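Student: Can you read through this structure? Questions will come right after.
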Amino acid sequence: MSEEPPSDQVNSLRDSLNRWNQTRQQNSQGFNESAKTLFSSWADSLNTRAQDIYQTLPVSRQDLVQDQEPSWFQLSRTERMVLFVCFLLGATACFTLCTFLFPVLAAKPRKFGLLWTMGSLLFVLAFGVLMGPLAYLKHLTARERLPFSMFFFATCFMTIYFAAFSKNTVLTITCALLELVAVIYYAISYFPFGATGLRMLSSAGVNSARGVLRI
């Protein structure tokens, strides 16, 4: 059996090494191309998202105000304070008339209920003028405020309905009293520790009622 000359073995080994180097270079180039393509697409996507975010960011204080309130709700702080005071004065006038003219209005409880309801609505809506309509609407529909909001506006509308349309004196007086409770709760809840005190009083009242009724 004849052996290959050393020169042939060297050439064969050199050819094998060259082929291996070429294969490795091709694989490396393919990996580099795929990495470049992946990085380029990722960079383009990131750049596009950054441009979208930049375009949606407010560039001035006016943009922030427009995002919060529509143009017809935009009032200056002075205008809101003036309207707030006007609403409070209107509510005070209604409550004062109800108090001093109670002997006269007692004979006409439906008119008393309407006047009291008007004062209650002016009192509550005054804070809406001060905070802004959308912000106040979110405040009233918050989880901790929603039960009160539903109770208060339900009693107001029921008082108006029974006083102006159904003309039921007993139900008008009942709804007006419930409305008074809602307004007092609303006013006290904004005092320091007012909400905590109301919860303590309500829980104590419920416990006392359960003790009396043996529930």
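Keep in mind that glycine also has a Cβ here, set from the backbone N, Cα and C atoms.
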Student: Looking at S34, S45, S60, which is the one Swiss-Prot tags with phosphoserine?
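Tutor: Checking Swiss-Prot against S34, S45, S60, the phosphoserine entry points to S60.
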Student: Do the topological domain labels in Swiss-Prot for P109 and K167 match, putting them on the same side of the membrane?
Tutor: yes
Student: Out of 112-132, 146-166, 173-193, what stretch is closest in contact terms to the transmembrane segment (82-102), meaning most Cβ pairs under 8 angstroms?
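Tutor: Looking at each of 112-132, 146-166, 173-193 in turn, the most contacts to the transmembrane segment (82-102) are made by 112-132.
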Student: If I take every residue in the topological domain 'Lumenal' (103-111) and average their pLDDT values, what number comes out?
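Tutor: For the topological domain 'Lumenal' (103-111), the model's average pLDDT rounds to 75.
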